[in-house]
Structures are given as C-alpha cells and as structure tokens.
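Taken from TrEMBL, the feature domain 'Poly(A) polymerase nucleotidyltransferase' covers 23-217. Positions annotated as Mg(2+) 1 binding site by TrEMBL: ASP115, ASP117. Look at TrEMBL and you will find ASP115, ASP117, ASP170 tagged as Mg(2+) 2 binding site. According to TrEMBL, the feature domain 'Poly(A) polymerase central' maps to 223-367. The domain 'Poly(A) polymerase RNA-binding' annotation in TrEMBL covers 370-426. Look at TrEMBL and you will find 504-569, 691-720 tagged as region 'Disordered'. The compositional bias 'Basic and acidic residues' annotation in TrEMBL covers 523-538. If you look up TrEMBL, you'll see 698-720 marked as compositional bias 'Polar residues'.
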Amino acid sequence: MGVSNCSIILPPTQQVPLPKEYGVTKPLSLAGPMEADIQRTKELEKFLVSAGLYESAEEAAKREGVLCQLKQIVKDWVKDLTRLRGYNDQMVEDANAVILTFGSYRLGVHGPGADIDTLCVGPSYVNREDDFFFVLHNILVEREEVTELQPVADAHVPVMKFKFDGISIDFLYASISLLVVPDDLDISSESVLCNVDEPTVRSLNGCRVADKILKDVPNIEFFRITLRCLKFWAKQRGVYSNVTGFLGGVNWALLVARVCQLYPNAVPSMLVSRFFRVYTQWRWPNPVMLCQIEDKEFGFSIWDPRKNPWDRTHQMPIITPAYPCMNSSYNVSASTLRVMTEQFEFGNNICQEIDLNKARWTALFEQYPFFENYKNYLQVDIVAADADDLLVWRGWVESRLRQLTLMIERDTFGKLQCHPYPHEYVDPSKQCVHRAFFMGLQRRPGELVQEGQQFDIRGTVDEFRHQVNMYMYWKPGMEMFVSHVRRKQIPSYVLSDGYKRNQTPRLMSGQLGEKPVSGIFRSRSEERGGLERKRELEGAEESQQSLDKQPSISPPRRESPSPELIVGQKSGMLLQQRFSIVSGGKRKSEEISNNVTNDKMQFAIPDKDVYSEQRKSRRAQCAKSADGCVYQSSGVTSLVEAGTSGDPAHELLRLCHDGYAAGSTGCNSLCSSQDDLYRAESKSLLNNPKAARGVLTSPDSIGSESVQKSSTRLSVTSTA
C-alpha cells in the first residue's frame with residue numbers, strides 16, 4: 001500500500017511551539033527554573049525589599065501628582081505662546097504639549113528619592129532656546145513648589161534640573177514637526193524624527209530606548225527585578241556612574257536586557273547569576289546589542305567602527321536599540337573597564353557560592369572597600385562661596401574627572417592605573433561649602449620597573465586644572481585642590497562608622513616641611529629668559545609666605561619621605577602642583593632633598609585674571625563642547641555567537657572574533673578579527689603619545705588643543 005504526500009501530525013499535547021527569539025543571536029539556554037531557583041528568587045526579592053529599594057505607596061502617589069501638575073503647567077505654557085504668536089482661537093484651544101518619562105521611572109525600577117527623567121514634547125513653533133529655557137524657566141521660578149532650578153542649556157542633552165515639591169526632576173524638551181501634538185503621540189514612531197536637529201534627537205532617544213528595551217525582553221517583571229538588583233549591586237561596588245567613566249542606568253538596563261534575551265525562561269535569581277557569568281567571559285570590545293543596527297534615511301549618525309575610526313577606540317560598547325543607534329557607554333576608559341571586570345569576577349564568584357548554598361545574597365552586596373585596596377590616592381577638593389555656586393561648580397568638576405583618568409592613562413602609556421570612586425564626601429568640620437572626590441592609583445600589574453622609577457604626571461594635573469578653570473560660568477570662590485594622600489592618611493570623615501585608626505597629623509598642604517630650593521629650577525623650556533624665571537621664583541616665594549598664613553581645604557597629612565602635592569593660593573595667584581609617590585615607601589628624606597629637581601619646588605602660573613580672559617575668548621567653544629562629544633558612526637551590526645558546553649546548568653559563552661555581521665547596510669561579508677582591529681587601534685594610541693593626545697582633542701576635552709604642558713611635570717614614582 002503506497003502512501004504519497006504523507007505527513008506526520010503530532011497530537012496536540014505533543015506539539016512544541018517555536019519560542020520567540022529575542023536579540024541578535026539564539027538563546028544560550030531555554031531551561032526554566034528548578035525548585036531551588038524559585039526559592040532563591042524569593043529570598044532575593046525579600047532582600048531587595050528589606051534594603052529599602054521599593055518606594056512606598058504614598059511616595060508613588062506623590063510622584064503621579066507632581067507629573068500631573070507639570071503636565072498642566074506645560075499645557076498652559078504652550079497655549080499662552082500660541083496666543084502670543086497670533087494663532088486663531090481654534091489653534092489656541094488645540095495647542096498641546098505632552099509629558100513623557102524615561103529612565104528608571106519609565107522602566108519601573110526607580111527607588112525612594114530617585115529623580116524622574118521627564119521629556120516635554122511640544123509643537124514646531126515652540127523652540128528650546130527662547131521658549132523652554134527662558135519663558136518656561138521664568139514660569140517655574142515663580143512656582144513656590146519649584147526649588148534648586150538649574151538650567152543646563154549647553155549640555156550634550158539640554159536639560160533643566162529642579163525639585164518640584166521635593167521630587168527631583170530632569171526636564172528635557174523636544175520640538176517636533178507638528179503644529180498640534182496629540183495626547184496619544186507614538187514616540188516609538190520614526191516619524192517624530194522628521195526635520196529635527198540632533199539635540200532634539202538625543203532628547204527623544206531616552207524615551208524611545210526605554211520603550212524598545214521593554215519590548216525586547218521576554219519577561220518584563222523578571223527584567224525589572226533583575227535590573228533593580230544589579231543597579232543596587234553596582235552602587236555598592238562603586239561602578240554606577242556614567243559621568244565618572246563607569247556605567248549609568250541605561251547601560252545597566254541594556255546589559256540586563258541582553259542576559260534576559262540569552263536566558264528567556266530564567267527567573268531573577270538565575271538571571272543575576274548568569275549576568276556575572278556572561279560578562280565575566282565577554283570579550284570586550286565586542287558590542288552588546290539587543291537588536292540589529294539599522295541605518296535609516298534620516299541621515300543621523302549611528303555607531304559604526306567600520307566607517308568611524310573614533311568608534312574603534314571605544315572600550316566597552318553598549319549599543320542603544322532605537323534609531324539612531326549609538327554607544328551609550330563611550331565614557332568608559334581602560335581603567336574603569338578594568339575595575340568593572342574585576343567586580344564582575346567578584347560577583348560571579350559569590351553567585352557560584354550562592355548556587356551551591358555556601359553563601360547568602362547579603363555577601364553579593366557588600367560595599368566595596370575602596371579605601372583599603374590602594375596605597376596611594378588622589379584627593380580632589382571642590383570649594384565654592386555658597387551652596388548654589390557649589391551645586392554647579394561641583395557638577396562641572398565631576399564631569400571633568402573622567403578626563404583626568406584619560407590624561408593619566410595617556411601620559412603614562414597605561415602603566416599608571418586610576419580608579420575614580422563615584423562617591424562624594426563632606427568634611428563636617430569645615431565651615432566652607434565643599435565636596436571631596438578620591439581616585440585610587442596603582443602601577444599596572446606585571447609592569448617591570450626599577451626601584452624609584454617615576455611616572456611624571458605634574459604636567460598632566462596642570463593640564464587638567466587648566467581645563468577645569470576654563471569653566472565659562474566661573475565665579476570668585478570656585479576653587480579646586482588636588483592632593484596626594486596615602487592609605488594611612490585618608491581623612492576620617494570618608495571612613496565608615498566604627499572604623500578606627502591611629503593617625504598622627506600630617507603637614508598641611510600650605511605648611512612645608514622644608515624650604516624650597518632657591519636655585520634655578522630646570523625644566524623642558526630651558527629657552528625661557530632669566531628674567532621670567534626670576535619672576536616665577538619671586539612669585540613662588542611671595543605665595544609661600546601667604547601659604548603659611550592660610551590653611552588648606554585638604555585634610556592634615558602625616559609627614560612622609562615622599563614629596564607631597566603642594567597646592568597653595570594667594571590673592572590673584574595660583575601655585576602649580578607637585579606630586580610624587582615613592583616605590584616601596586622607604587626612600588630616605590635625604591635622597592629627596594638632594595634631588596636637583598626638588599619635587600616641593602613651587603612656581604607661579606598665570607593668575608585668575610589671565611584665566612578669566614582665556615575663558616572669555618573660548619566661551620563659544622566651551623558652550624558647544626562642555627558636556628561631551630558626539631561619536632559619529634554608521635550602520636553596523638555585530639554577531640555574537642554563543643553555545644553551550646553540554647551542561648545546561650553551566651553553559652559557557654563563546655563570543656566570536658570574526659567581526660561584524662551583515663545589517664541593513666547591505667554588507668554581507670564579515671570583517672575578520674574584530675578584537676585585533678580594536679586592540680591594534682588602542683595599542684597604536686598608547687605607543688604614539690602624539691596620537692594618544694588626539695583622543696582628548698574631542699569636544700569633550702575643552703580647550704585641550706590649546707593647552708600647553710607646563711615646563712615642569714608632576715612626578716609619581718611607581719608603587720606596587
């Protein structure tokens with residue numbers, strides 16, 4: 001009996017539906033949770049609640065009320081502008097603006113006291129420069145509920161920051177090419193990008209990315225629990241700060257979303273464990289992507305290392321899923337990537353113990369002992385005349401700290417590693433308003449150096465000061481002090497309660513332990529005339545007399561055989577800084593005092609009046625570039641191949657080195673050796689000081705093209 005065109009039909013109970021695939025690759029595992037995984041998830045959720053990561057119902061209702069009031073304010077604002085511009089009554093009645101949220105609030109992972117990232121979308125005839133930052137700003141100033149109003153019109157993403165009834169708001173504006181903005185505006189539609197400028201695209205992108213993330217994860221609730229957990233972990237371990245060179249909220253959301261795609265049936269406890277397993281083995285700079293990168297006809301730049309050499313220098317690419325796709329983590333440096341990699345390994349080890357019931361969740365969230373892990377630190381003290389000035393001055397200096405890390409990496413060819421700590425500290429004993437930041441310093445592991453070999457970073461710190469002092473809104477009283485402290489000299493106010501340490505007072509930075517050498521200070525600029533050098537030395541001596549009368553903001557220091565960073569201030573005069581770390585900590589004082597260069601030598605640099613003139617001459621450039629540079633790119637996707645080791649519970653991630661897969665750009669060929677391409681670019685920058693300096697000539701490095709290194713440099717002797 002013949003059978004033709006037969007097919008086998010399984011009973012309904014045996015039919016296996018094909019799961020929906022998320023992301024650019026197939027899942028690593030489709031395994032679901034076991035009973036132990038479900039129990040660990042319950043324990044994790046209980047821990048997150050006990051840690052106070054969820055806001056109360058009262059605070060949630062208050063946030064909703066604030067958003068409603070803000071919505072009414074902008075509607076009235078748009079209607080008034082429509083009337084003033086001569087539109088008819090019907091147009092005035094239809095005039096509208098919508099309020100949308102993004103960030104942690106839109107993703108549903110915000111906690112108590114978190115700010116609300118808010119976007120106002122208005123019609124085409126209401127602009128950002130005059131109407132938003134002037135008219136609406138003045139309206140908000142008159143509201144008694146509004147406090148701490150701070151407009152940042154020249155930021156990479158223009159924003160107004162303020163508190164409304166105690167709730168922090170980051171307020172963005174986007175004017176789209178519509179005369180009437182509907183209440184049900186679809187922000188995910190690419191039509192909103194028609195005929196708008198790049199600042200508007202960047203403002204819209206926050207909402208578009210948040211919506212795309214929620215659409216690209218298999219289980220939104222599991223994603224939220226996992227993300228809330230990982231954000232808390234990142235803050236505890238000191239790696240949550242985009243401005244400092246680590247990762248911010250959107251970066252962590254994208255990393256977690258990718259893990260959710262790789263394990264679509266996993267519960268939060270499994271996702272947390274897999275998160276560390278995946279990113280411990282991830283081969284950076286292979287990019288993390290939730291979807292293929294597509295280039296549209298709107299002409300906006302997108303991330304593409306094949307076309308943009310600048311994109312090849314990115315250390316840790318995490319690509320946004322909404323057009324125009326960009327690298328959201330371009331702030332990451334080699335040093336901060338090293339720190340995050342170490343923390344991923346820490347998390348992976350703890351999670352392995354948790355999976356084996358050898359540890360509890362509390363072990364994963366232990367605070368990182370930053371002040372115990374390094375022998376040497378840079379302390380950056382920020383001072384202002386009052387709290388309002390400190391608010392803007394601190395924000396500016398903090399945004400520049402990432403540049404100091406890049407400069408040190410550049411000038412030491414990566415041999416001196418920096419660990420900026422994204423926490424600010426306040427000394428309660430100080431009467432002036434101030435903040436303090438710290439950076440850990442260490443020699444790169446495995447680096448072969450001779451005893452007493454020095455990393456000369458005096459000019460590096462001087463260049464950094466020069467950039468910071470070009471702040472276009474500088475006011476008298478805004479000062480920054482950089483000093484070197486050892487582990488045993490860390491001020492007590494930064495240490496946790498209960499930590500006690502015997503500490504003898506060290507010298508104030510304005511009180512020298514020995515007099516400066518009175519001879520000629522030799523430097524790279526030997527061609528300077530004797531009269532100029534004489535004036536510098538006289539200025540240094542005159543400033544030194546003032547230093548003996550003025551204590552510094554820097555905390556007292558213990559006497560050390562190592563020359564310390566000297567920061568002095570005299571009316572109308574700044575003193576350049578000196579810094580040296582002695583290898584092994586046993587170098588004798590006599591050897592230092594006999595050093596011809598004398599690290600404690602001081603000399604005068606141009607006073608504030610000169611800096612003020614430089615600021616005025618460069619304000620236009622500063623206004624355009626103060627908040628970072630745009631990294632242009634175009635249309636590329638990357639294929640991340642993955643497999644399992646055969647054990648579903650312990651599958652390993654394999655990432656390709658074969659380059660970029662074909663996207664909608666029409667490129668069907670693979671570029672070979674992606675990692676070699678990236679690392680060759682990075683190596684060429686390190687091996688070529690002039691090329692490396694070009695990294696900092698982006699708009700994010702204000703005035704770096706005109707900054708001339710000081711003829712004397714800051715010495716740092718390498719330490720273990």
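From the backbone N, Cα and C atoms, a Cβ is placed for every residue, glycine too.
Unlike curated entries, TrEMBL annotations are predicted automatically.
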>> Name the residue among the binding-site residues ASP115, ASP117 whose Cβ has the smallest number of other Cβ atoms within 10 Å.
In response: ASP115
> Of the residues in the domain 'Poly(A) polymerase RNA-binding' (370-426), how many are helix, strand and coil by DSSP?
Replying inline: 28 helix, 19 strand, 10 coil
> What Cα-Cα separation, expressed in whole Å, is found between ASP170 (Mg(2+) 2 binding site) and ASP117 (Mg(2+) 1 binding site)?
Replying inline: 5
>> Give me the sequence-ordered set of same-chain residues, not including ASP115, ASP117, ASP170, with a C-beta within 8 angstroms of the centroid of the Mg(2+) 2 site's C-beta atoms.
In response: GLY103, TYR105, ILE116, THR118, LYS161, SER168, ILE169, PHE171
> Counting every protein chain present, what is the number of Cβ atoms, excluding its own, within 10 Å of the Cβ of ASP170 (Mg(2+) 2 binding site)?
Replying inline: 18
>> From the DSSP assignment alone, can you count helix, strand and coil residues within the domain 'Poly(A) polymerase central' (223-367)?
In response: 73 helix, 6 strand, 66 coil
